Amino acid sequence: MSKTATELGSDQGNWLALSIGNSRLHWAWFQGELCKQVWHSPHLDPAAREKLIHAWNRGELWDGGLEYPGPLGDEAIAPNPPLWIASVVPQQLALWQSYRRLNIITLADLPLLGLYPTLGIDRALALVGAATESGWPVLVVDAGTALTLTGADPEGRLVGGAILPGFGLQLQSLTEKTAALPAVTFPGTLPPRWALNTPEAIASGVVYGIGAGVRDFISDWWQHFPTSPVVITGGGGEMLLRYLQETAPEIAKQAIAMPDLIFSGICCIKQQQSGESLPGPRFTPLY
Ligand SMILES: Nc1ncnc2c1ncn2[C@@H]1O[C@H](COP(=O)(O)OP(=O)(O)OP(=O)(O)O)[C@@H](O)[C@H]1O
Ligand SMILES: CC(C)(CO)[C@@H](O)C(=O)NCCC(=O)O
Ligand SMILES: [K+]
């Protein structure tokens with residue numbers, strides 16, 4: 001559906017992308033294809049959603065109750081921005097059902113082959129984003145609440161993947177399901193592997209355990225697709241990359257960190273649906 005001149009004039013190509021994850025909301029403000037700002041917020045309740053919509057209509061991007069990186073100079077968002085949502089949390093998505101300029105992205109919108117019906121839209125969009133940047137085949141490692149590996153072949157067909165508890169969830173489950181293990185905050189640096197105290201032993205187990213698992217998946221992926229890029233994303237992506245740099249520099253050198261991958265995917269789908277761009281990567285290798 002292409003935009004009318006009035007619509008273009010009124011929103012100047014401004015739009016918002018929202019990726020609803022299991023722990024947090026991930027937001028991006030776009031002008032056309034240009035991503036101006038990315039930020040994260042807690043899940044919302046109806047009152048917080050109303051405050052947000054009112055802020056947008058005053059030209060402000062952020063609500064005081066949410067984490068944000070600070071105002072962007074004098075720039076203001078146009079009122080009633082189109083909102084493109086990808087969600088893996090139905091209750092949080094339901095909050096936006098009555099938003100006037102809502103576009104919900106579903107698996108049916110994606111130029112990928114071989115998808116299974118319950119595949120997470122975040123995983124599928126990350127693949128689209130990764131392929132837009134690096135072409136097919138591609139493997140995406142997303143270290144969010146759940147850590148996922150998702151790979152597609154040279155034709156853009158899902159090969160498959162894996163789901164495991166992410167860094168935060170592993171730390172949390174140890175604390176909650178044991179008597180003696182304390183809460184451990186997410187380590188900022190690679191912990192010592194052979195720890196001599198409880199918090200570092202927990203951090204070591206989780207970081208080296210996840211790291212080794214991911215490394216093994218990447219090695220196996222390269223047996224099948226030796227030239228495939230590996231794209232790392234998600235809040236735990238930096239830690240994962242640190243692990244790879246330390247233990248497997250030859251893998252780390254070939255891994256690409258793309259924190260905002262999901263937004264490349266959303267932008268790509270929006271362009272396709274709005275007829276704003278050249279034909280997308282639908283079923284054709286990009287290189
Ligand atoms: N400073 C930090 N605070 C909290 N978690 C962090 C921090 N740095 C890295 N992490 C890790 O990143 C994860 C958060 O990643 P990300 O933002 O991709 O996803 P999320 O918000 O947890 O999940 P989702 O997108 O599924 O809601 C946490 O689970 C934790 O393992
Ligand atoms: C695995 C998560 C939770 C990662 O955010 C999400 O992609 C999801 O809910 N997926 C559904 C199951 C699947 O992807 O097979
Ligand atoms: K569940």
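Quick reminder: no glycine exception, Cβ is built from N, Cα and C everywhere.
Here is what TrEMBL records for this protein:
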type	residues	note
BINDING	Ser19, Ile20, Gly21, Asn22, Ser23, Arg24, Leu25, His26, Thr145	ATP binding site
BINDING	Tyr116, Gly120, Ile121, Asp122, Arg123, Thr198	substrate binding site
ACT_SITE	Asp122	active site, proton acceptor
BINDING	Asp142	K(+) binding site
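What TrEMBL annotates, mapped onto the structure for a quick look.
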residue	record	CB count, 10 Å
Ser19	ATP binding site	28
Gly21	ATP binding site	23
Leu25	ATP binding site	19
Tyr116	substrate binding site	8
Gly120	substrate binding site	21
Ile121	substrate binding site	23
Asp122	substrate binding site	27
Arg123	substrate binding site	23
Asp142	K(+) binding site	30
Thr198	substrate binding site	12
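Note: the Cα of Asp122 (substrate binding site) and the Cα of Ser19 (ATP binding site) are spaced 8 Å from each other. Across the structure, Asp142 (K(+) binding site) and Arg123 (substrate binding site) are spaced 8 Å apart at their Cα atoms.
Looking only at the binding-site residues Ser23, Thr145, the densest Cβ neighbourhood within 10 Å occurs at Thr145. Cα of Arg123 (substrate binding site) to Cα of Thr145 (ATP binding site): a span of 13 Å. Proximity of the binding-site residues (Ser19, Tyr116, Gly120, Ile121, Asp122, Thr198) to ligand 1: a Cβ under 6 Å from the molecule is found for none of them. With a cut-off of under 6 Å between the Cβ and any atom of ligand 2, the binding-site residues Ser23, Asp142, Thr198 reduce to an empty set. Under DSSP, Gly21 (ATP binding site) is assigned to coil, being neither helix nor strand in the three-state scheme. Apart from Ser19, Ile20, Gly21, Asn22, Ser23, Arg24, Leu25, His26, Thr145, the residues listed for ATP, the same chain places the Cβ atoms of His40, His43, Val88, Val89, Gly144 within 8 Å of the centroid of those Cβ atoms. Cα of Thr198 (substrate binding site) to Cα of Gly21 (ATP binding site): a distance of 30 Å.
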